[in-house]
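*Asks:* Here TrEMBL flags 56-174, 236-494 as domain 'Amino acid transporter transmembrane'. The transmembrane segment feature in TrEMBL is assigned to 57-77, 83-103, 136-156, 228-244, 251-275, 295-317, 329-350, 375-395, 415-439, 445-466, 478-497.
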Amino acid sequence: MNKRIHYYSRLTAPADKALIAPDHVVPAPEECYVYSPLGSAYKLQSYTEGYGKNTSLVTIFMIWNTMMGTSILSIPWGIKQAGFTTGMCVIMLMGILTLYCCYRVVKSRSMISSVDTSTWEYPDVCRYYFGSFGQWSSLLFSLVSLIGAMIVYWVLMSNFLFNTGRFIFNFIHHINDTDAVLSTNDSNPVICPSAGSGDHPNNGSMIFYANDTGLEQFEKWWNKSKTVPFYLIGLLLPLLNFKSPSFFSKFNILGTVSVLYLIFLVTFKAIHLGFHLEFHWLMQTEYFVPEIRFQFPQLTGVLTLAFFIHNCIITLLKNNKNQENNVRDLSIAYMLVTLTYLYIGVLVFASFPSPPLTKDCIEQNFLDNFPSSDILSFIARIFLLFQMMTVYPLLGYLARVQLLGHVFGDVYPSIFHVLTLNLIIVGAGVIMACFYPNIGGIIRYSGAACGLAFVFIYPSLIYMISLRQEDRLTWPKLIFHIFIIILGLANLIVQFFM
């Protein structure tokens, strides 16, 4: 249908609206969704020809809300991998770089003067410049981001469900789980689950309560990597097979509530824990990491997905009442997202109690540094678990639309096709939750992969091609945008060596 609409629109001059698609062939509002991997996925409230009626404030908040997501949980770990000073610099530089590439995406339609592009999305621009290769490659990288996000969601949902169950069990049986791991001894305990063997083994709970048959049975049937990921199948697999996910889009507000609660949680913990910082530029000490670490590309991989909104930014800005403010509103939204990431990352890293714990104890999901018995962390896990369980079917629906819709021409060809695709996606999530439950690693790999196309290569190439067609391509612009492409390639390649 999309190809047909574009074909008809090209049969007349751009100024002639005679063959513009009528309203009854344009998808209904309930069929139009925007999403950002690891951020929000929600239904558009209105989808009409022309521009929307959102004010700049609403537009800025929508961009912030769409971009913010579960990648915020890995920002403190990324700062630890890069070093405190280097991490803050990398966050700001990646924010500026991804903002510029997003700006190029927004301007890409206006650089095509021979065709009416008012109804186009970014994949349409890619198809205009690169043909079927642009269409299918954009589909491939979009699926990488979607499936990568769904795998991260499964790992996190397994984590949150496990800790929720353990909180309830420990509360009923009056068990203090901080005795089994390396932790601080105060009213706001912080733990180090990744501490090595010795006086504080990771399996300490099994040793400490070896004579408790009830606990042994609980540990056997409620295991983070061996049982809990499978329990989620019975709950989420049926939801993935719904023909329409519009019901789940009603819970989009949970994403905003979750992020705001995380900001409150981090602020509260930082006030009670205080700051623990020492600055050593290159030397690692017992409790502190150097300010400059060569693992900083791991943070760039995470941030590529954390700042990723390039696939739907044109759709979001279409609803802006004042189109002349698009660039300003986009810049303000990126600034707010950057400040949010800096706020969470800096507070968690700076307030992490070193000593007695080392900064290397900061987990890829910083909530893992709080025991399951911590009430505030328990509430955060409940919020995030419920929010992810509502977003996960939406992401599955979008993956189904993009893959089955392109291959079979129908988003629901049969229950067999849909069930097979969902089993593959769920199976990938279960396998990763069992054998590689490292959300930081999954985020940086999928972020570097999908960001290579949508963030670095396509915006730069399209801009250079359009300038070349107008004989306005200069050497400084050519060198600068080639450098951006090289950065994207290096960002992907280096992830496999870190």
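Cβ from N, Cα, C; glycine included.
All TrEMBL annotations are machine predictions without curation.
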*Asks:* Considering pairs 6 or more residues apart, do the transmembrane segment (295-317) and the transmembrane segment (228-244) have at least three CB pairs under 8 Å?
*Replies:* no
*Asks:* Could you tell me what the rest of the chain brings near the transmembrane segment (228-244), counting residues at least six beyond its ends with Cβ under 8 Å?
*Replies:* 30, 154, 157-158, 161-162, 165, 222, 389, 392-393, 396-397, 412, 415, 418-419, 422-423, 425-426, 429-430, 433-434
*Asks:* Taking contact to mean three or more C-beta pairs under 8 angstroms, with sequence separation of 6 or more, is the transmembrane segment (415-439) in contact with the transmembrane segment (136-156)?
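*Replies:* Contact criterion met.
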*Asks:* Cβ pairs under 8 Å with the transmembrane segment (57-77): which stretch of 83-103, 329-350, 478-497 has the most?
*Replies:* 329-350
*Asks:* For a three-state summary based on DSSP, what are the helix, strand and coil counts in the domain 'Amino acid transporter transmembrane' (56-174)?
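*Replies:* For that range the per-state counts are 105 helix, 0 strand, 14 coil.
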*Asks:* Can you work out which residues elsewhere in the same chain, 6+ from the ends of the transmembrane segment (445-466), have a Cβ less than 8 Å from its Cβ atoms?
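*Replies:* Distal contacts: 37, 71, 98, 101-102, 104-105, 107-108, 111-112, 122, 125-126, 129, 134, 137-138, 141-142, 144-145, 147-149, 151-152, 300-308, 310-311, 473, 477-478, 481-482, 484-485, 487-489, 491-492, 495.
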*Asks:* Do any residues, 6 or more residues outside the transmembrane segment (478-497), come within under 8 Å Cβ-to-Cβ of it, and if so which ones?
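*Replies:* Residues 97, 101, 297-298, 300-301, 304, 444-445, 448-449, 451-452, 455-457, 460-461, 463-464 contact the transmembrane segment (478-497) from elsewhere in the chain.
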*Asks:* With a cut-off of 8 Å between Cβ atoms, can you find at least three pairs linking the transmembrane segment (375-395) to the transmembrane segment (251-275)? Only pairs 6 or more residues apart in sequence count.
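*Replies:* Counting Cβ pairs under 8 Å (6 or more apart in sequence), the transmembrane segment (375-395) reaches the transmembrane segment (251-275), since there are 3 or more.
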*Asks:* Looking at 83-103, 136-156, 251-275, which one has the highest count of Cβ pairs under 8 angstroms to the transmembrane segment (329-350)?
*Replies:* 83-103
